[in-house]
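The feature signal peptide is assigned by TrEMBL to 1-20. What TrEMBL lists as transmembrane segment is 81-101, 122-149, 169-192. Taken from TrEMBL, the feature region 'Disordered' applies to 216-259. Residues annotated as compositional bias 'Basic and acidic residues' in TrEMBL: 229-250.
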Amino acid sequence: MSTTICQVMGFLVSSLGVGGSIMATAMDTWSTQDLYDNPVTAVFQYQGLWRSCVRQSSGFTECRPYFTILGLPAMFQAVRALMIVGIVLGLLGLFVCIFALKCIRIGSMEDTAKANMTLTSGIMFIVAGLCAITGVSVFANMLVTNFWMSTTNMYQGMQNVQNRYTFGSALFVGWVAGGLALVGGIMMCLACKGLIPEESRYKAVSYNASGRNISYRTGPYKGGPGYEADPRTRKGAGYEEAPRSEDGRRPYPSKYDYV
């Protein structure tokens, strides 16, 4: 029962993580304009992975997608790739996990096959969570670097107007989603151990006699090499006694007559 609960809980937690990763990737608030030095402004800017938006004080919002790929920074493209890989692995893990649930019976699927599928989905969830956490962390590091560079330029008077960007809500959603996917994958891996049957987990070696039962009979002692029983008592196949005459004696002497 505990194995089933752990598996179902891992499936639900991983589903929330994968859904959160999709939501975070689609959000436009990965970076928002810092209003610390200018709290009153007519224009508010925020950016996502796929487009940048401008919101005016009147409530009108205009978003413009990134029409170029080669013109974007390499780290920015790496974040995109990590998020997409995490989403694809998470969706594949959910698909495999649905058929691996112990409460769902499909044909004559054995528990060993379900255990392997559970372990596979758990590994996929773990990798998907790590991809999401890594992608969000890389983007956050880019924001921190650009923020302090912009602050230094402003204080040195190199530029009169400098827009600084800080963490958006999408970053926190991505961190939470990656953590949920990671925890769900660990729970699936733990549930895999309980699905393995006992006879396959502990394989004992047994020795059975093949074929018919072997019975042992006692017989006369047979001497080894160099030992020969008394020839006078050995009468078997291939042994013939010499013919005797009417008086009971042999017609010719034998070596047994001198014993």
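Along the chain as shown, the residues are counted starting at 1.
Glycine too: its Cβ is placed from the backbone N, Cα and C atoms.
Owing to the predicted nature of the structure, the values given are computational and were not obtained by experimental measurement.
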Sequence-remote contacts (6 or more beyond its ends) of the transmembrane segment (81-101), Cβ cut-off under 8 Å? 7-8, 10-11, 14-15, 17-18, 21-22, 24-25, 49, 109, 114, 117-118, 120-122, 124-125, 127-132, 134-135, 138, 174, 178, 181, 185, 188
Can you work out which residues elsewhere in the same chain, 6+ from the ends of the transmembrane segment (122-149), have a Cβ less than 8 Å from its Cβ atoms? 10, 14, 17-18, 21, 24, 30-31, 34, 73, 75-76, 78-80, 82-83, 85-87, 89-90, 92-93, 96, 164-167, 171, 174-175, 177-189, 191-192
